[in-house]
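S.K.: I'd like to ask you about the structure that follows.
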Amino acid sequence: MEKSVDAVHLEDVQALSANLAEISHDGKPVWEQRQTYGPAGIRGLATSKYVLAAAAFSTLGGMLFGYDQGVMAITLTMDQFLTQFPEISSTAVGASFNKGLMTAMIELGAFFGAMNCGWIADKFSRKWSLFIASIIFIVGSVLQTAAVNFEMLIIARLIGGFGVGMCACLAPMYISEIAPPEIRGTLLVIQELSIVTGIVIAFYITYATRHIQSHWSWRGPFLIQMFPALCLCVGVVFLPYSPRWLCGQDRDEESLKTLSRLRGVPETDSRVQQEWYEIRSEVAYRREIEQEKYPHLQDGTVSSTIKLQANNWADTWRGRNWRRTQVGVGLMFFQQFVGINALIYYSPTLFKTMGLDYEMQLTMSGVLNICQVIACLWALWGMDRFGRRQLLLYGGVCMFIAHFIIAILVGLYHDSWPTHSTEGWVATAMLLFFMLSFGATWGPIPWAMPAEVFPSSIRAKGCAQATMSNWGNNFIIGLITPPMIEGIGFGTYVFFGVFCLIALVWVWFFIPETNGRTLEQMDYVFKDTQTNEEKQRRARIEAGMVNRVNEVVRSNSITAV
């Protein structure tokens with residue numbers, strides 16, 4: 001007689017309970033500890049086509065982010081745009097600040113979008129939150145396209161940024177919750193790949209439209225950014241729910257069906273049963289802790305719900321959770337302060353400081369963005385091959401070297417590039433080297449790790465804080481870069497190079513390796529030392545599940561007889 005679902009489940013959960021405590025930061029990846037769904041890394045994508053399709057589609061929100069970044073590089077140099085918005089022309093008073101403010105408003109809006117993403121994702125699900133974010137972005141895009149003055153443009157970018165911030169937070173969270181552990185890193189790279197693809201598409205669209213002798217030279221690119229958002233709105237209907245979110249809503253059977261469909265195997269498959277067990281066990285464990293900590297906030301009233309949400313936000317920094325939160329927030333901080341968006345936003349200006357003429361400035365800006373795409377494609381293979389921590393360390397070293405060499409060359413030859421063209425091209429080559437290094441390491445990993453490290457009970461809030469860190473620091477970079485380039489020249493590269501060194505030291509001491517671990521194993525990755533009471537609670541929850549399985553198995557056996 002064929003094994004029942006619960007009989008298979010019982011064998012696996014008993015094995016899991018015996019081996020779970022052995023998992024650690026330095027232990028073997030999950031695919032070396034138990035049966036997997038397929039090969040690790042990029043080769044595993046062929047055996048997880050449904051997950052790949054869902055993950056890729058959800059990252060259309062990342063393309064919105066990238067497009068909105070890339071669209072400004074050439075738009076800021078268009079005469080038609082400067083005529084419509086004279087506040088940012090070079091002859092205007094405070095032009096540098098206004099240019100930085102306009103560029104940075106998308107980040108400010110995204111900061112508030114990420115801030116509200118946590119409770120929206122928990123309330124309405126990950127997939128329907130993507131729908132809400134897309135609608136908000138479309139509203140902002142319409143206003144941006146129709147802008148008639150500087151104030152309207154600022155407000156439009158603020159609204160659009162709110163939607164972008166939500167999408168940037170939701171997509172990695174959603175991908176991490178639907179992906180099997182052996183290809184989770186590879187799938188999370190798709191988010192960064194989508195971002196840089198959006199940057200490249202926007203750059204070359206504006207590169208082409210700059211020759212249009214009307215306001216459509218800049219309104220056209222703003223209009224085009226609505227189409228990916230419209231596709232995301234329609235496609236969300238066909239995305240599966242997150243199995244982990246379903247378990248958190250007590251929709252366990254639906255979670256099993258969804259997990260089975262995502263993994264492409266029957267519900268009775270032992271691997272699905274084990275993963276389903278881990279998810280339910282983790283949800284039950286976190287819920288019991290919450291009920292014990294906040295018994296007076298469990299009545300379901302609006303007031304209690306708001307207070308409980310506020311405490312959940314605070315919990316991300318309480319106890320042992322602070323170690324995970326500083327990983328997410330810190331990675332996003334350093335991702336911005338190594339200088340990446342200063343290069344993307346103001347690459348033509350930077351190339352001008354190296355002595356290149358206008359057409360070559362634009363050409364090399366496009367090449368710079370393509371380098372990031374190429375590096376991201378490599379990361380699809382390298383993320384799960386080499387792990388997160390090792391790539392971050394190598395990336396920090398390479399980016400520091402690039403900034404160091406550029407700073408020396410710009411400092412020595414900034415006023416004599418025409419007679420030092422070789423040095424100018426060496427500096428340009430270092431910018432390309434920086435972009436390749438960043439695109440393979442510090443580009444994708446800060447988007448991947450925050451979605452991995454948090455327990456299910458605070459994952460939405462933790463990811464929201466990491467994304468808020470990205471946008472908040474992105475906003476700061478957008479504001480300070482134009483005055484820095486204008487005021488301190490080569491010191492701009494010294495500034496970012498120093499932060500590359502600080503990032504290197506921080507990774508060495510504070511970042512664990514998460515490669516190959518399931519989301520439910522992160523307590524062991526971070527070496528969280530549980531008290532005897534916590535161990536007993538987890539053991540009791542697991543034992544209760546096993547007992548329930550035993551009862552179902554006995555019932556099935558009696559029925560079969």
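Keep in mind that glycine also has a Cβ here, set from the backbone N, Cα and C atoms.
I grabbed these lines from TrEMBL:
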DOMAIN    54-515  domain 'Major facilitator superfamily (MFS) profile'
TRANSMEM  50-67  transmembrane segment
TRANSMEM  101-121  transmembrane segment
TRANSMEM  128-148  transmembrane segment
TRANSMEM  154-175  transmembrane segment
TRANSMEM  187-207  transmembrane segment
TRANSMEM  222-241  transmembrane segment
TRANSMEM  327-348  transmembrane segment
TRANSMEM  360-380  transmembrane segment
TRANSMEM  392-413  transmembrane segment
TRANSMEM  425-449  transmembrane segment
TRANSMEM  490-511  transmembrane segment
S.K.: At a C-beta cut-off of under 8 Å, are there same-chain residues at least 6 beyond the transmembrane segment (154-175) that contact it? List them, or none.
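M.R.: Distant contacts of the transmembrane segment (154-175): 55, 58-62, 64-65, 68, 101-102, 105-118, 120-121, 126-127, 129-130, 132-144, 146-147, 184, 187-188, 190-191, 194, 229, 232, 242, 447-448, 450-451, 459-460, 463-464, 466-468, 470-471.
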S.K.: Do the transmembrane segment (490-511) and the transmembrane segment (128-148) come close, with at least three CB pairs under 8 A (pairs 6 or more apart in sequence)?
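M.R.: Since fewer than 3 Cβ pairs under 8 Å link them, the transmembrane segment (490-511) and the transmembrane segment (128-148) do not come into contact.
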S.K.: Could you tell me whether the transmembrane segment (101-121) and the transmembrane segment (128-148) have 3+ CB pairs under 8 A, leaving out pairs under 6 positions apart?
M.R.: yes
S.K.: Quick one: mean pLDDT on the domain 'Major facilitator superfamily (MFS) profile' (54-515)?
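M.R.: Mean per-residue confidence for the domain 'Major facilitator superfamily (MFS) profile' (54-515): 86 out of 100.
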S.K.: I need to check the long-range neighbours of the transmembrane segment (360-380): which residues 6 or more away from its ends have a CB within less than 8 Å of a CB in the stretch?
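M.R.: Contacts of the transmembrane segment (360-380) (Cβ under 8 Å, skipping residues fewer than 6 from its ends): 42, 70, 73-74, 77, 186, 189-190, 192-193, 196-197, 199-200, 203-204, 207, 343-344, 347-348, 351-352, 391, 428, 431-432, 435-441, 443-444.
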S.K.: So if I exclude everything within five residues of the ends of the transmembrane segment (392-413), which remaining residues of that chain have a CB under 8 angstroms from its CBs? That is, six or more out.
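M.R.: Same-chain residues near the transmembrane segment (392-413) but 6 or more away: 338-339, 353-355, 420, 423-424, 426-427, 430-431, 433-434, 437-438, 440-442, 445, 489-491, 493-494, 496-497, 500-501, 503-504, 507-508, 511.
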S.K.: Below 8 angstroms Cβ to Cβ, which residues of this chain, lying six or more residues outside the transmembrane segment (101-121), approach it?
M.R.: 65, 68-69, 72, 76, 85, 88, 129, 132-133, 136, 140, 150, 153-154, 157-166, 168-170, 173, 245, 309, 313, 345, 460-461, 463-465, 467-468, 470-472, 474-479
